[in-house]
Each structure stands twice: as structure tokens, then as C-alpha cells.
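Undergrad: Take a look at the following structure, please.
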Amino acid sequence: MNSKGSQNVATTCKPVTTFVQTDTNTFREIVQRLTGPTENNAAAATPEATVIKTAIQKRPTSKLHERRQCMRPKLEIVKPPLSFKPTGTTPSSKSGNTNLLTSPVGTPSSLFSNLSLIEGEPDSCTTNIEEEEKAIKERRFYLHPSPRSKPGYTEPELLTLFPLTSPNSSGKP
């Protein structure tokens with residue numbers, strides 16, 4: 001191109017993206033060079049010359065799946081040897097097998113191993129209620145009882161939105 005522009009190309013695979021650094025004055029010229037001739041130049045060329053140029057310059061285009069295979073990192077599957085014998089050591093121990101990763105949380109059995117069942121005592125139930133009420137008061141959240149649970153509660157009176165009888169029918173027979 002010219003001395004002001006530079007181009008970076010990946011060496012491991014066909015370049016998918018071309019990076020060009022240029023100034024605003026030469027931008028149009030560089031874009032035209034990268035994308036091909038303008039429409040005026042293409043119309044001015046003879047049809048025979050374009051057929052010969054396309055036959056010579058035509059390269060096999062790479063298909064999408066071929067480009068993706070080139071860009072995809074290779075995955076390796078490591079199988080254990082045939083003489084694999086499980087031992088009593090945990091995977092986190094340094095037994096030479098450093099490829100295994102352990103969870104920082106641990107297994108579910110180790111999480112629930114410290115739990116124990118406490119049979120309910122009548123005193124523990126009242127202390128839980130007292131603790132709950134204390135926490136509610138500290139946070140200034142009060143659970144008000146429903147007015148329906150109070151003695152002497154009667155159902156609210158439903159007001160009629162629409163008249164039950166027509167005013168015209170009551171005045172005339």
C-alpha cells in the first residue's frame with residue numbers, strides 16, 4: 001500500500017479480519033484497493049478481459065465450516081490408563097494426577113454431613129417464636145392480625161352498583 005498504512009496478518013490461519021491504520025485523506029483509496037475496482041473501471045473493461053481475469057484470479061473460496069475449524073482450538077481427551085486403580089486418596093491430594101480439578105464447595109455429602117436432626121421440644125418452639133417476634137420488632141416490621149380473626153366480625157355490606165329495578169318499570173304498568 002503506501003508508507004502511511006500498515007497491515008497486521010495472523011500467521012496461524014487465513015486472516016478473517018484485516019486491520020489497517022490510515023488517515024482520513026487516504027481512507028477511500030485504501031478501501032477501494034481492498035474491496036476491488038470501482039463500478040466505472042469495471043464497466044470500462046472489455047467483457048473478454050474480465051472473463052480471463054476472473055478465470056486467472058479466481059481462488060477457491062473457503063467455506064464457513066472450514067474457517068471455523070481453523071479458528072477453533074483443539075481439544076484433547078485424556079483417557080486414564082488401562083491399569084487405573086482407584087485409591088483411597090482424594091483428588092485434591094498430590095498423588096501425581098494434577099489434571100483433576102476439585103470443587104471449592106465440596107461434595108453434597110460433605111456439606112450435609114455436619115447437619116443433625118433435632119427433635120422438637122415444646123420449649124424450643126416457644127423460644128423460636130420469641131426470637132422471631134424480637135427480630136420483627138428490631139426491624140420495625142409488624143404483622144398485624146387480620147380483622148376477620150377478631151370476635152364480633154361481620155361480613156362487610158356490599159353496595160349495589162346498579163339498580164335492581166328499572167326506574168321506568170316502577171312508574172308505569
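Yeah, the Cβs are placed from backbone N, Cα and C, and that goes for glycine too.
So Swiss-Prot has the following annotated:
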MOTIF     27-36  motif 'VQ'
MOD_RES   Thr46  phosphothreonine
REGION    76-105  region 'Disordered'
COMPBIAS  86-105  compositional bias 'Polar residues'
MOD_RES   Ser92  phosphoserine
MOD_RES   Ser103  phosphoserine
REGION    143-173  region 'Disordered'
MOD_RES   Ser146  phosphoserine
MOD_RES   Ser149  phosphoserine
COMPBIAS  154-165  compositional bias 'Low complexity'
MOD_RES   Thr165  phosphothreonine
MOD_RES   Ser166  phosphoserine
MOD_RES   Ser170  phosphoserine
Undergrad: Could you give the Cα-Cα distance between Ser146 (phosphoserine) and Thr165 (phosphothreonine), in whole Å?
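TA: Roughly 36 Å, rounded to the nearest whole number.
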Undergrad: Looking only at the motif 'VQ' (27-36), what is the mean pLDDT?
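TA: When the pLDDT values over the motif 'VQ' (27-36) are averaged, the result is 81.
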Undergrad: Residues with Cβ closer than 8 Å to the Cβ of Ser149 (phosphoserine), same chain and 6+ apart in sequence?
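TA: Expected: none.
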Undergrad: Sort the residues of the compositional bias 'Low complexity' (154-165) into helix, strand and coil with DSSP and give the three counts.
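TA: Reading the DSSP string over the compositional bias 'Low complexity' (154-165) gives 0 helix, 0 strand, 12 coil.
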Undergrad: Could you put numbers on the helix, strand and coil content of the motif 'VQ' (27-36), residue by residue per DSSP?
TA: 9 helix, 0 strand, 1 coil
Undergrad: Output, ordered by sequence, the same-chain residues six or more apart from Thr165 (phosphothreonine) with a CB under 8 Å from its CB, or 'none'.
TA: none
